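Peer 1: Starting off with a structure, shown below.
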Amino acid sequence: MSFASIFKLHIKGEPRKFDPKFRGPIHNRRCTDIICCVIFIVVILGYIALGVVAWVHGDPRKVIYPTDSYGQFCGQRDTLNENKTILFYFNILKCASPVVLINLQCPTTQLCVSKCPDRFATYIDVQASYRYRPDQWNYFRQFCKPGFNNPRKSVAQVLRDEDCPSMIIPSRPFLKRCFPDFSTKNGVLTVANQTTFKDGRGKTRNVTDLREAANGINNVLDARSVGMKIFEDYAISWYWILIGLFIAMLLSLLFLVLLRFTAGVLFWIFIFGVIGIIGYGIWHCYWEYDHLKGIPGSDLTVYDIGFQTDFKVYLQLRQTWLAFMIILCGVEVIIILMLIFLRNRIRIAIALLKEGSRAIGYIMSTLFYPIVTFLLIAICISYWAVTAVFLATSGEPVYKVMANQTLCKYANLTCDPETFNTTNVTKLCPGAQCTFAFYGGESLYHKYIFIFQLANAFVFLWLVNFAIALGQCTLAGAFASYYWAYRKPADIPLWPLFSSFGRAIRYHTGSLAFGALILAIVQLIRVILEYLDHKLKGTQNSFTRFLLCCLKCCFWCLEKFLKFINRNAYIMIAIYGKNFCTSAKEAFFLLMRNVVRVAVLDKVTDFLLFLGKILVAGGVGVLAFFFFTQRIPVFAQEVPMLNYYWVPLLTVIIGSYLVAHGFFSVYAMCVDTLFLCFCEDLERNDGSTAKPYFMSASLHRILGKKKLSPKKAAG
């Protein structure tokens, strides 16, 4: 037996036994994949428990409020720092990057203050003048450690113990932290109009020493300013944005209705347009080829001139245009041959698209089901995000030794601030301090926080995929009820969408969870690979980068394949009520027996729906552009005054695309369901009176098979 015959036998599989009384989605069902259902419920309960534990141990204030060197929150109510809402750094020069500051990893003392410094001053100068300028001392010591008021202490000891900063510079609060008040004067970086300052240790420094921090901070400040203006634009234009999205919804509905009449016209216009464009390309290539005849140097080959960075050089060669012409001729011939040999399958695809529009017209409630899916996914995202924040902030204050000497062997070791002064660390490392570093812990819970974060991400992916699977199965059941109705719409059951949703939840939670689990595992692996790729970007190991690239590509392909299999498995589950593996196997073999039809339908559907999304988003976007730029005289007085008109414009365009995508995803699911039912109909029935087709009359005419029974033709 040849390999081809073996493969064909395998694709056909065992002879399937059909129920002669089958009339659409089975109502007498049994629960499927019960074990997976139980595991899914247990995981959800465990996920809730994880959230409760995280909420008990976590403290989001660690994200909201900055923390000083003693682990105390700045600005927290009912504490000594209630009126001290801003974090001040003793030596900002040790914090070259704003990222270091925000992550509280700067190796200098940090205190909560009520306001940032507004002047230049050094501790040496203030101490020298405190007798006759007490106001300067009183101002300066508010940036010293709480309770310190000993100007007679030597400067060396004060700086060693970090009782006070060696200097203060004009600053302004940002992200509740004091940053130098940078500005640019005549292209020169300044702080309070000065380019130099004293560092309090006998040196005069240039503000360019803070250039790295200044660049990052100024960029963030500019972003904050833009962000405030964007917020203002949203505040005064939100209702016009909602109107634009409502128009997008109406256009999406109109497009779906028109597809019943224009699907074929749109597709063929596009196809013949492509053929015409390629034909023009062939003519232009021939014209260039003929035009270059006799011009010196045009008969050289690409091999003769070698590699050139200027592409225009190749356009001066006849050989280049000849190659272009041959390639375009090949593409043209392939397209024409495909249209000739696949014309019947293209007609079937277009007929299914029209049938899908008709089905949605009878079950209009399906168009609004994506709102349910959106709400479920929004709940999953919110729970995941909150749990992740509480997990990330569920540690206890960890203190580490901060030493000025680089050779101190105790540097970065954990310490206890209450007993630190009684240890030998201060003697061996003069100036060392036990300061707050980050939140963590040594308990079993704290050791496994990273594992809990992974579990949080994994269950999140599982729940999101389950919500999508539930929507696909629900819609498939509703549209299958339409297809298998012998007389449409008389035989369509009452409330098909709600009935399908009830069947999916009651009987097939386990099967949907099984499919979602497989997809979630692959997606988690992809996330881990992306993380590893990000961490290893700087490595010089070419083999490691190549291996990661291959793995990312393979798992991307696997995810796409699993989404395709799951989608069709859910359709079979909605129709027959079998378990996930059986449904996936039957759907796969059924599609393989109709692989050409699958490919044609998929591409035709993708094109028309993409065209619809572009038309809706583009049409509403053009209308919004003319409105927000006051180019519509009738509404010129109604246009709000905006900082950036592109803010509501982009929101309307992106929102319109998402609205269209939501409606068209229902349409795509409808077409896929009808196609699978169509393939089943062809295998189950032969068009006779005993086994009549359930397909529409237009599909039946395209097939050119036996005539429909009188009742069907009349219906």
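Each residue, glycine too, has its Cβ placed from N, Cα and C.
Caution: TrEMBL annotation is automatic and unverified by curators.
Straight from TrEMBL, here's the annotation block:
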type     : residues : note
TRANSMEM : 31-56    : transmembrane segment
TRANSMEM : 238-258  : transmembrane segment
TRANSMEM : 265-283  : transmembrane segment
TRANSMEM : 321-342  : transmembrane segment
TRANSMEM : 362-386  : transmembrane segment
TRANSMEM : 459-486  : transmembrane segment
TRANSMEM : 507-529  : transmembrane segment
TRANSMEM : 607-628  : transmembrane segment
TRANSMEM : 649-669  : transmembrane segment
Peer 1: For the transmembrane segment (649-669), which partner among 31-56, 238-258, 265-283, 321-342, 362-386 gives the most CB pairs under 8 Å?
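Peer 2: So the stretch in question is 238-258.
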Peer 1: Excluding the flanking five residues on each side, which residues at least 6 beyond the ends of the transmembrane segment (507-529) place their CB within less than 8 Å of a CB in that stretch?
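Peer 2: Apart from its flanks, the transmembrane segment (507-529) reaches 29-40, 454, 457-458, 461-463, 465-466, 468-470, 473, 548, 551-552, 555-556, 558-559, 562-563, 566, 569-570, 573, 577, 579-581, 583-584.
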Peer 1: Go through the chain and flag residues at least 6 beyond the ends of the transmembrane segment (31-56) whose CB is under 8 A from any CB in it; none is fine as an answer.
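Peer 2: For the transmembrane segment (31-56), the list is 383, 386-387, 390-391, 394, 445, 452, 455-456, 459, 462-463, 466, 506-511, 513-514, 517, 573, 577-580.
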